[in-house]
């Protein structure tokens, strides 16, 4: 009997009763153990090889000379490693059709090479994704390195005034050391240098932080959501997670996320102007041009693509890696402030030059006295070093006046408030793409908004169904003729951009697509129990007419497998438009009947009654065409007349919670809301009433609700006359929206517009503020917009309006605060220099004031959050001056008070308080700084008397005030040599605080003085 290994479950072959064999010898057993060990080792090697392939692709090539044939290993990922990523990428970039066919064997062979199934995509598990990323790279491009902190420091040092001050400081340092020795002589020049470094570093830190924030927001704005098919399931992923081999779903308005090949689709056209510069739209198909390039946009049709190259292997990646996005965009407000800064700076420069001349003349004529009462300059008796030291001090004082006079903190304040607002707006579901939109939104006078998804939830549900002229109320599909059900199944299942995924017959179907498509597919599957798959399998699509917002309908031409000589047309779209194309209708029994005028009017009334209940009405119609010549190309154009009416569904899309309050808030703020929608007039009117856009007052006006075609056909004069009266525009096209924006701008309005479609791009660009939708919006719409509303909610639009006003208001607060300091500092130094030949505030002290005023003041006032009071004011519009009458009133009174107090201290301080010259100068410096700190509270509210309202919410403001007070105390009490101050006693501190605190009651009294304000305009 031959020995062989028996399988564990195999019955013994020894016959019953046969005597058992004697036990084998030790040598025999040893040989068997060696054999088993060899087999086990071979299997272990096979297992290790499989793990190496899965986890570390690079090691595979080192094993290329080892061949282990393991039956049933199931490893199908190895061939991916044989693909040449560069060759594949080059073929698509160069659109080389011969290489695609000759070298790769066509699109299907490329998919096979990449182990992609057109229907189910790639497996998409972690190991698969890691391997594809390892071989082909990630879908990210190398960015230009961000500016370093050191570069911001260098930029700050390049300022002309800072350079002059540094030169003065170095000269002062040199003369001081030469005259008094290193131990005593470095204080004056060294103090100025330390103060300059402090100002520069604080400014650089602030700018560096804002730069980092803008970089983060830039990354957010480039993170596009892409619809892919993985393991049979449609799922949205980040564009950065896309890998080679992915099957990507494309529709109108999408950006092509990577280089790839056309798999399937209909009427797909692409705008390649971003890559080639050509404005003509390129048709993409399997026969002639299957190539799709990253960064281009889909302008028509829909389809699927196979990703063949990502990231730096694409032409778009190469181009973007060499481009740095400029984040230092100058907004209109910053431009206005730059002019204001230049104007004030010129005044400050004139004052500084005058002070310089006066001081130099007084010095060289012997009128400038030293501490001992003698003249500082005695002709040739005065040492050259003393002369130069005095001249340097005079020049430094004059230059420092320029530093304080130039309000360079104004542009910084804008940057700070914009950066802070952008960060907070992200939390409130609004992503800013253009900085100028933040401030412009505060001036908006009119918001033109879409209905679906913005005012409503965009959660569609079919609530009514009419078959022919009969309503179907919860009736099972068995009551409907099988013929009609088959036609509905074709019309719903084939004329759609949605998809249904059902892994097995018992699982719940997963439906993907737009809310309208999902609602109709869900109704067909769950209510009518239609089998969509049967229609997909038994019919072949010949041609598709994709839906767009102008036609408001979509169509499909199909050939049924059981009858090649008949082509069927199916249309779906706006009910009244489909009705106009029909001449017959089906009843419940599936009998086709002619449609006379009475029946047409009856169906029209049904549509109106459904629309009045704020239902969106979608109708289905079909027609059969017999092919006589066997040429499908002749019949590619779908029939649009003589169709048979199949049915009508009503989709309910409820208003979003909080929309009515948001609309009321905008109207209260003087901002008019106009609804522009593609729905019919009755649906639009019902929703407008529900949201509060229409009320009993304006609904009586005949022109409050119009249709797009009516608005389009107005003469220019009529349009301008009626555009402000219109509240709702129904059945509008993107051109109508653009026309409305242009008309409103001609009337002087600042217009904000919402949009989500590709065709909305012109209106979004034309508007002062374009608001695109983050969920339903196409990439074309997002790129054309200034702000992306991430949750598609009108409440977020109202929040953006609040933030826009907050930005503008914060800038005005800071302007009032800074100009008060500018005026007071200039006047006190000018008068003191002319009258006594000395300036009470030294260079170091003025630099400290500059730091408080510019950087810390900007931080404190630019980070105020929006309040409800902002929405009680009218919009500022285009022509409103930046510095209002209210601001001038507050500013002039506070500046006059500070100048009066400081001049009294300058000329009478010694006699009033019986103190030395040094203590008097310290009192002036301390009082001046404390006045700015107290005035910072006054600046929190320009026209309200309660300046402390909501202060507990702004922790940063309180922190900066606290830090400034502490640092001021340190400057006065502990840094006497550095700041040129003398220690003050408690009584003197109390006097300084008391004098500065008087600015609060003065501000309260000043706000009682009435000022003419712009009256709010009615927005109802």
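Each residue, glycine too, has its Cβ placed from N, Cα and C.
Heads up, TrEMBL stuff is auto-annotated, nobody curated it.
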Transmembrane segment per TrEMBL sits at which of 120-148, 149-177, 236-264? 149-177
Per TrEMBL record, range annotated transmembrane segment [choices 800-818, 819-837, 838-856]: 819-837
In TrEMBL, which of the ranges 931-949, 988-1006 has the transmembrane segment annotation? 988-1006
Candidates 149-177, 189-208, 343-364, 956-976, 988-1006; stretch with most C-beta pairs under 8 Å toward the transmembrane segment (819-837): 343-364
Could you tell me the mean pLDDT over the domain 'Cation-transporting P-type ATPase N-terminal' (101-177), as a whole number? 84
With DSSP, how much of the domain 'Cation-transporting P-type ATPase N-terminal' (101-177) is helix, how much strand and how much coil, in residues? 48 helix, 3 strand, 26 coil
